[in-house]
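As recorded in TrEMBL:
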DOMAIN    A:236-332  domain 'Rieske'
TRANSMEM  A:15-35  transmembrane segment
TRANSMEM  A:55-76  transmembrane segment
TRANSMEM  A:88-111  transmembrane segment
TRANSMEM  A:131-153  transmembrane segment
TRANSMEM  A:165-187  transmembrane segment
TRANSMEM  A:193-216  transmembrane segment
Amino acid sequence: MSVKYVPVIWNRTKLAYDAVVLATVGAYLGIYLYVAPQFQTVTMPIDWDIYKAQAFGTCVFFLLTFILCIGPMARLDKRFLPLLYNRRHLGVITCVLAYFHVDNILGWYNAFSPINRYVSVFIVNTSFDRFLGFPFEILGVLALLILTILAVTSHDFWLHFLKPTLWKFLHMGIYLAYALIVAHVALGALQSAAGPFMTTAVGASVALVAALHLLVARKEHLFDTQESPMDDSGTWMDAGDPTEVPDKRARIISITDDERVAIFRNGKKLSAISNVCAHQNGPLGEGKIVYGCVTCPWHGYQYRVEDGRSPPPFTEKISTYRLKLEDGRLWLNIEALPPGTYVEPVVAPILAEGS
Amino acid sequence: MQRAFRRAHRSLWLVLAFLIPIVLGLALMMRPTGTHEQPPVPLDDAAKSALEANQ
């Protein structure tokens, strides 16, 4: 969080994250380019430019696979949340590596053409009516275009400018980019792949990414379709046994229509706020109370649990909800109050440890 | 909007989870087999003498 414009809010975690990513990328490229060739027994070695293009291309593919696995893995297991923290930098690095791949490809395959090498990519192969032989280069160009748009708009400036919902829909373009890259690889590099390694790796990547996303989609769908009983007025929803809400943590309730609400316990006090972080729509209910404030598990944005406001000097605010206790049950009023509205917490004893 | 986003995500992946493996599978099944190397063609007498003359 920052109260004034800062291009990148560097901190130790981000620096460590980026250092690990750059070291891993460097190690991958170093092994691919300098170590692996020593173990190859080919009579005709591949040209250095092609080799570099392959190294960058495969690196981009594996990085993109990893990026696409982070989201669902963090939804399935909180231990993966730290990977999510600086995922945008990972995406930007992937985009930069994709440009290195393109530079090496154009510097070799399109360098000997009398036509401008950037133009030749689009006109040397126009077999759009064929499956094998389809100009797979175009698929790569489209994927690169999407990666570039996402990298450029990954900054918080664009997140604030476009608003989180539109920004998130725009950044779903990463799935389209991935599909285009798989097609680009399948119709390009895999057509002449010598061994089974790349074919197996691409197949495993697709299976892993698709399985993780479908698993999370099913989990979310099942949660969304859970129905809690309502009272006769239709405005209060049964939110369960208050003693079962863990201290400093939340129970997430899917309310009618659309949104989710997080009911937090802070000692003996219970409060309900929107489950949606104002920053990037992160799931606040999966975070915890740190120094008296609900802390988003994605990027650490904080809100006071009683009024949904970020502590000064920050200005973010989210909707709050009313709670009441009746016959030992907790009831949630499903009508959202304006963001930042103070609501007196409900006092309910915490379940004694071991009881 | 949150549920709309989750719906869009689910629909997109239901499509991609079928589409991507189909494209990948077709591309792999239809790819040319073999090593791309042509078997050596023995030279006839005329070609041999032409080659020797050049050498």
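The backbone N, Cα and C atoms fix where each Cβ goes, and this holds for glycine too.
Between the transmembrane segment (A:165-187) and the stretches A:55-76, A:88-111, A:131-153, A:193-216, the greatest number of Cβ pairs separated by less than 8 Å involves A:131-153. Same-chain residues lying 6+ beyond the ends of the transmembrane segment (A:88-111) with a Cβ under 8 Å from its Cβ atoms: 14, 17-18, 21-22, 25, 47, 49-50, 52-53, 56-57, 59-60, 63-64, 66-67, 70, 117-118, 120-121, 124, 140, 143-144, 147-148, 150-151, 154, 174. Proximity of distant same-chain residues to the transmembrane segment (A:193-216), defined by a Cβ-Cβ separation under 8 Å and at least 6 residues beyond the stretch ends, is recorded for 58, 61-62, 65, 68-69, 71-73, 75-76, 178, 182, 185-186. Per-residue pLDDT, averaged along the domain 'Rieske' (A:236-332), amounts to 89 for this model. Secondary structure counts, DSSP: the domain 'Rieske' (A:236-332) has 6 helix, 45 strand, 46 coil.
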